[in-house]
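What TrEMBL lists as active site, nucleophile is Glu227. The feature UDP-N-acetyl-alpha-D-galactosamine binding site is assigned by TrEMBL to Asp135, Val136, Asp137. What TrEMBL records for Asp135, Asp137 is Mn(2+) binding site.
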Amino acid sequence: MALKEGLRAWKRIFWRQILLALGLLGLFLYGLPKFRHLEALIPMGVCPSATMALLRDNFTGALRPWARPEVLTCTPWGTPIIWDGTFDPDVAKQEATQQNLTIGLTVFAVGRMRTLHAALGGQLGREAHFVFCMDVDQHFSGTFGPEALAESVAQLHSWHYHWPRWLLPFERDAHSAAVMAQGEGDFYYHAAVFGGSVAALRDLTAHCARGLAWDRARGLEARWHDESHLNKFFWLHKPAKVLSPEFCWSPDLGPRAEIRRPRLLWAPKEYRLLRD
């Protein structure tokens, strides 16, 4: 009898702890803004010294990944994550000037993938060496220079870069073309900024446009729309360079020591006004 009572008491304590943990997780992810500051305590990992020695970039000169030991400065597949302090902006400017590059910039609110794919096959694709695509609802707050250039460029999402992979909001609907299984995915990328060579962007936009069309034909829509398909593409085709959250920061997160010089800032989202 005493054993049964002891088991019941243990079960009650166990499930109370589970419910408490789920409640705190809900507050952390969706509730009180102050809980968001705690995620800065989650370590991002460290770039292995052997990988640091091998990092090269054609647009910034020598990289200094060891200059930012508090953040992750390389990916598992050995490409750089660009943070302030890991490159010399003057050298980057000289490198870009010597190569005499033409950079295209496209800005969209909605419907970017199919439209951008068509544009890259026309005049834009003939005149530009590299192209960046950005959301319309953000503004420049610092220098966004040639250090961002690469064959394919992905942007770490400022709301998710500290999160463990199992918490990242990848598409989980098995019927969607953007679906990613548990354990898949490297980082969660923000569709507000991406770029690369014309050929690389043609591949990316074609993939995303096909996925969106597939879902639409079946009456589906991925959780984060074209961003879900972009994350699927970068899981299958690793980006050649990843930009730190400094390149696209959300003011709602407030200041953080690791975010030294934000380049782009999100504009406030007036969802209620738009929906009314």
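From the backbone N, Cα and C atoms, a Cβ is placed for every residue, glycine too.
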Neighbouring C-beta atoms (10 Å sphere around the C-beta of Asp137 (UDP-N-acetyl-alpha-D-galactosamine binding site)):
13
Have a look at the recorded positions (Asp135, Glu227) and report the one with the fewest Cβ neighbours inside 10 Å.
Asp135
Taking the centroid of the Cβ atoms of Asp135, Val136, Asp137 as the UDP-N-acetyl-alpha-D-galactosamine site, which other residues of that chain lie with their Cβ within 8 Å of it, listed in sequence order?
Val107, Phe108, Ala109, Met134, Gln138, Ala192, Ala267
I want to verify one value. Collapsing DSSP to three states, which class is Asp137 (UDP-N-acetyl-alpha-D-galactosamine binding site)?
coil
If one looks at the chain holding Val136 (UDP-N-acetyl-alpha-D-galactosamine binding site), which residues at least 6 apart in sequence have a CB under 8 angstroms from its CB?
Val107, Phe108, Ala109
Given Glu227 (active site, nucleophile) and Asp135 (UDP-N-acetyl-alpha-D-galactosamine binding site), what distance in Å do their CA atoms have, once rounded to a whole number?
12
